[in-house]
Amino acid sequence: MTSASLDDVHAATRSATRLSVGVAVTLILLKAFALGASGSVSMLASLTDSALDLVASLATFFAVRWAAAPPDEAHRFGRGKGEALAALVQAGLVFASAVFIGWEAVLRMFDPRPVTAGHWGVAVVLISIALTGWLVWRQGRAIRATGSVAVEADRAHYTADLAASVVVLIGIVSGAYLSAPGLDAAAGLVVAVWLFWGATGVLRGAADQLLDRTTPESDRMAITTAMLSDPRISGVHRLRTRQSGPVLTIQMHVDMDPTLTLAEAHDILVEAENRLLERWPGADILIHPDPRPTPSAKGPWS
């Protein structure tokens, strides 16, 4: 891996976390004002979600910086899995948010309250939709560039928040302008279900990293194809991959002509590493050459 590419990955991740914290603070202030003006349960749901988003975003903010620390005596492989731990915390917060919002919505269904000053709620929700949509787009770009599970978990919050804001808008309009406050509570229930579903996905992604789940088959096939594009490499086997924060670890054995000198084999493998780094910047790559005149009978995963 090159230090420059890894620095770019960490810089993109840090930038994404700064944006999420800033947007969360802005949304909390706006929604707190709208809640005081409207008394909407769906606005309360959205405010609670944004408050937990801020906690989760702060956890991500610090986690990605801790995970980006270089390897040391106690962490020889680095601290990339700190991002997955932060994602677990985020998933727990979202689950808690879903339970709270669902409970409040059920209470309001049995004890509906009139929604007042609906125009304030509508204005704030429209601003929230615009800000959250922009943040989700920026986070998506960062995820594609870094593969950060922590940013992906944070993005799950804001994707849910974006959908929640649309539901909240429906609830406020229905309660304030259609005299149907029960729909406001129903909107809160929809938000709770959405958050529960999103938290499940975050939890699954974090667990995959912590348990060293292999990368998708398409990536493994792409790695093998890149290696075999050089005719001097006749086979690939014992391919192992795992994700640790933004860093993809790739380990494999390759079959090479036994008559090659050590220097020649080294140069071939350096070229192979560079091909992989073009596709996965910042990857941690370890390639072991096996002296075989013909490809190994083993498959690439064995």
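Just so it is clear, glycine is given a Cβ too, placed from its N, Cα and C backbone atoms.
If you look up TrEMBL, you'll see 19-211 marked as domain 'Cation efflux protein transmembrane'.
According to TrEMBL, the feature domain 'Cation efflux protein cytoplasmic' maps to 216-291.
If you look up TrEMBL, you'll see 21-45 (among others) marked as transmembrane segment.
For the transmembrane segment (51-68), same-chain residues at least 6 beyond its ends with a Cβ under 8 Å from one of its own Cβ atoms are 10, 13-14, 17-18, 20-21, 24-25, 27-28, 78-83, 85-86, 89-90, 93-94, 96-97, 148, 150-151, 153-154, 157-158, 161, 245-246. Annotation comment: TrEMBL describes 51-68 (among others) as transmembrane segment.
According to TrEMBL, the feature transmembrane segment maps to 84-105 (among others). Beyond the ends of the transmembrane segment (84-105), by six or more residues, the same chain brings 41-42, 44-45, 48-49, 52, 55-56, 59-60, 62-64, 149-150, 152-154, 156-157, 160, 185-189, 191-193, 195-196, 198-200, 202-203, 205-207, 209-210, 245 to within a C-beta distance below 8 angstroms of the stretch.
Taken from TrEMBL, the feature transmembrane segment applies to 117-137 (among others).
According to TrEMBL, the transmembrane segment annotation covers 158-179 (among others).
The annotation transmembrane segment is assigned in TrEMBL to 185-203 (among others).
Applying DSSP to the domain 'Cation efflux protein cytoplasmic' (216-291) sorts its residues as follows: 30 helix, 30 strand, 16 coil. For the domain 'Cation efflux protein cytoplasmic' (216-291), the model's pLDDT averages out at 92.
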